[in-house]
Amino acid sequence: MDHRVSRRTKILTGHLLPPPSSSSSSALSLIPCLNYTSPELSSSSSSSFDVREMRKLMDVHNIEDRDWIFNLIIQSEVFNRKERGGRVFVSPDFNRTMEQQRDVTMKRIEFLRDHGVFEGWLTDDGPQAELRKLALHEVIGMYDHSLAIKIGVHIFLWGGAVKFLGTKRHHVKWLKSTENYEMKGCFAMTELGHGSNVRGIETITTYDSNTGEFVINTPCESAQKYWIGGAANHATHTIVFSQLNINGSNQGVHAFIAQIRDSDGNICPNVRIADCGHKIGLNGVDNGRIWFDNVRIPRENLLNSVADVSPGGEYLSAIKNPEQRFGAFLAPLTSGRVTIATSAVYISKISIAIAIRYALTRRAFSITPNGPEVLLLDYPSHQRRLLPLLAKIYAMSFAANELKMMYVKRTPESNKAIHIVSSAYKAILTWNNMRTLQECREACGGQGLKTENRIGHFKGEFDVQSTFEGDNNVLMQQISKALLAEYIVCETKNKPFRGLGLEHMNKPWPIIPSQLTSSTVRSSQFQTDLFHLRERDLLKRFAAEVSQYQARGESKESAVILSYQLAEDLGRAFSERAILKTFLEAESNVPAGSLKDVLSLLRSLYALISVDEDAAFLRYGYLSTENAAAVRKEVPTLCAELRPHALALVSSFGIPDAFLSPIAYDWVDSNAWSSTQH
């Protein structure tokens, strides 16, 4: 007992009293304070490719317009300019109450309107006008998701529905006033009881031929319109998606314009509105709930490009097939998926740029006695955490660009393909964004928790992207159902596959080498063959499993539902193959040189990390265990080769300093005592 007391006393004495001087303790006392060194000054961050050319390849369109609105936001006090570490940063002040965030979001919209940002967003036509709108909206979303969503609901959803589902009478009355914010629109599709299953919504609209009016009613609590952006505070009008009942016959889902507030903000008679309340993100958007108690609207308020009702109550539509008619009414959602997918990529760009810049200046631990601490990005494990994500962001950037081009050049014949591709990219790109945010948050340590450093807060702001405009898991199954339909038609009619990138199905089965070398796994031919093999085999397996369930007496719908595991595998295979294809196309348009060389490294890293992360390659025997190991072994080698290019690759995003965060730059100065005295 005395021995233990004596030992404990010595330990406490050692903690409390300074140690005797010695050569080792003197060495410890001489360790200098850390200083920030800009990664631009480091020889380990040297890259020979042209950053400006890479940005052109990444952004593709309207670069001058992007830079104009970047500067507009940075220079205005309404966007919460703050100086840290000698630099100006702009980001919303999330310390404000929900009500204050909503108010300032509306003020920012008015500022952007007054500076001509929304000019032509609905009244100009053609691919160039649409690309300008998309570019400006992307930058707005990089500043604040609430601001982008609030604008998106008003312009893309409300305005898009009026433009694409309405006819001339609606365009004349509403498009310019929407663009100028003379009125404020919202989009009432989702209900408490129905989200992804739009076909099942319960709001009912009937026609009164005596008065020439439609009557909109919320028949039960589950039919209340829910999560309606803009409804809680600001919207004056809404697009109501409702079942249309004519003379006792349900004609399916249709879209109507209804006024919910007057110009003074008073809620209209027979309309009830409640607030959805505080959320984990997007608190600058006033999401609301709406009930309609037999609200009467003029017959002309039916958006009638797809179907109409005569004054006498006769239902009229050139589209006789109810399925096709329903699909036409969902057309406005496509623009939503396009903007969500591209937004996810740009937020991933911000987070990876912050995390990589921090990792190029933050040090931790020495690997030799008294040696300097090592930069985070010089650790192979840290490279493995961040650089595959960087490669995915590049790949998905090319995919998002392809999707935008498909959308702005759309034709009636291409609408089906756009729906499938937008569903695929929306799911894959938003899932990847959330994974990127989590990894970058962790890679920044405690600094990643600070709201001013953006990444951590982005997680709450962008989590919703996985479920709105279609739950990602549901979208994956929709993609597989569409592919199954293509497969059945081509197999039963002995027709070649055309479209959706499925032409590879017409060729002989790819053969994968029995032994893989480094040069083999880096070849675009091997990567393409492997992705084709996976997609082709999974589509065949999915079709066979659905057929087996049907042979046991299951309906086709039930058989597809029971085959969900293969459906999800197939959805992923289709999406990743399509993304690889867009990368290869972008790469092929670049002449030989340093830019093409670094793109080749990124493309190989994207392809191989996708293989390494998907158990399907082993599960179904596309790769042997030895070949899977060879693929995995190549990943850190590619990361090491990309390490010198990391700074240039994130600089190529063209994101201004002000849109990143203090830890992307001089994090010592921005956290100095002097920074607390402002």
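Using the three backbone atoms N, Cα and C, a Cβ is placed for every residue, glycine included.
In TrEMBL this protein carries:
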- GLU469: active site, proton acceptor (ACT_SITE)
- THR190, GLY229: FAD binding site (BINDING)
- 1-10: compositional bias 'Basic residues' (COMPBIAS)
- 186-295: domain 'Acyl-CoA oxidase/dehydrogenase middle' (DOMAIN)
- 333-484: domain 'Acyl-CoA oxidase C-alpha1' (DOMAIN)
- 527-660: domain 'Acyl-CoA oxidase C-terminal' (DOMAIN)
- 1-26: region 'Disordered' (REGION)
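For GLY229 (FAD binding site), the number of other Cβ atoms no farther than 10 Å from its own Cβ, over all displayed protein chains, is 26. The two recorded residues GLY229 (FAD binding site) and the residue listed as 'active site, proton acceptor' have their Cα atoms spaced 13 Å from each other. Residue density at GLU469 (active site, proton acceptor): 25 other Cβ atoms are found within 10 A of its Cβ, drawing on all protein chains shown. Of all the Cβ atoms in the protein chains shown, 21 others lie within 10 Å of the Cβ of THR190 (FAD binding site). THR190 (FAD binding site) sits 10 Å from the residue listed as 'active site, proton acceptor', taking the Cα positions as reference. For the domain 'Acyl-CoA oxidase C-terminal' (527-660), the DSSP-based tally of helix, strand and coil residues reads 111 helix, 0 strand, 23 coil.
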